[in-house]
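**Student:** This is the structure I want to talk about, given as structure tokens.
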Amino acid sequence: MTRPALIGDIGGTNARFALVTPGAFDLHDIRTLPCAHYPSLSDAIRAYLKEVGAEMPTEACLAFACPVHDDEVRMTNNAWRFSKRQVAEEFGFTLFKVINDFTAQALGVPHVADDELVALGDGEAAPGCTRLIFGPGTGLGMAGLFPGQHDWIPLPTEGGHISFAPTDQHERDLLAYFQARYGRVSVERILCGQGLLDLYRAHAQLAKQVARYNTPAEVTGAARAGDPLARNALERFLKILGDVSGDAALMLGARGGVYLCGGILPRLLDWLPHSHFRDAFADKGRMHAYTAHIPVWVVTAPWNGLLGACEALHNEEVT
């Protein structure tokens, strides 16, 4: 009997694990482990396998929210680091793939059900064209995806670390706030959970008011309750999200559509359709007609990254 393969999607905050029949997408024994509770990746894997009572898998594909091109992988938003070679030897994996988390998000998109996609505005996907997968969580992920002759071909990027480009005087004032705190300001500094909180604090400072909220969830809750500063921060967050995702769609030529993933946006579905996201996405000067026709969806599938790791396991385009 074929042993199940180990599948993982590891972010800065949580590690999600599952088992799957190699070559299939029948996820089972899905668990979410807080990264901070485990000193290392190996400890988390062992804890997961013990919890679900599974035999040691011989195949594994794990996705991480950080660069993964070297043998030594260092997480960007938590303290884990490991050697791919040593982990494969430690667990006896005969097949061990390590991919970027947004490579996994990209590869998961073709396997998402239609009722797990929420359209933002109009647009029609061009067949056979590149897709953009983009979204904020603990950090900001960005990847491309296009159909190859036999398999889906992912284009991993670290596009979340491109420089933030303000589009009006208010954003130039916000940039000055972020520069005072961080020096160089990447778009990830703004388009992530901590970035939403920082945007709120920046709005408070610019308005010469006291910031009352201390977590992104508190800011979102206050915005829903009508707090003007929190509301302005959230609306600006979504407008900048449109700016950056529209720029990324131009860079990749993503006429196949834009898929917004991550832990934040599915919780903002009541805000996104009424925000300036879509206008900012399309507002690209001479390229307005190009971006205006690109469809955008929010992916609500809870385990999209795990589905992508399943796809990657035996996808010959993913090494």
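In case you wondered, yes, glycine gets a Cβ from its N, Cα and C as well.
For Gly8, Asp9, Ile10, Gly11, Gly12, Thr13, the entry in Swiss-Prot reads ATP binding site, with the evidence type sequence analysis.
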**Student:** What other residues of this chain sit with their CB within 8 A of the center of the CB atoms of Gly8, Asp9, Ile10, Gly11, Gly12, Thr13, the recorded ATP site?
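**Tutor:** The surrounding set, listed in chain order, is Asn14, Ala15, Arg16, Cys35, Ala63, Phe64, Ala65, Asp101, Thr138, Gly305.
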**Student:** What does DSSP call Thr13 (ATP binding site) in the simple three-state scheme?
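**Tutor:** In the DSSP reduction, Thr13 (ATP binding site) maps to coil.
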**Student:** I'd like to know which of these binding-site residues, Gly8, Gly11, Thr13, is least surrounded, judged by other CB atoms within 10 A.
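**Tutor:** Taking Gly8, Gly11, Thr13 as the binding-site residues, the minimal 10 Å Cβ count falls on Thr13.
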**Student:** Find, for the listed binding-site residues Asp9, Ile10, Gly12, the residue with the lowest Cβ contact count at a 10 Å cut-off, counting only other Cβ atoms.
**Tutor:** Gly12
**Student:** Can you tell me whether DSSP puts Gly8 (ATP binding site) in helix, strand or coil?
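**Tutor:** Once the DSSP labels are grouped into three classes, Gly8 (ATP binding site) ends up as strand.
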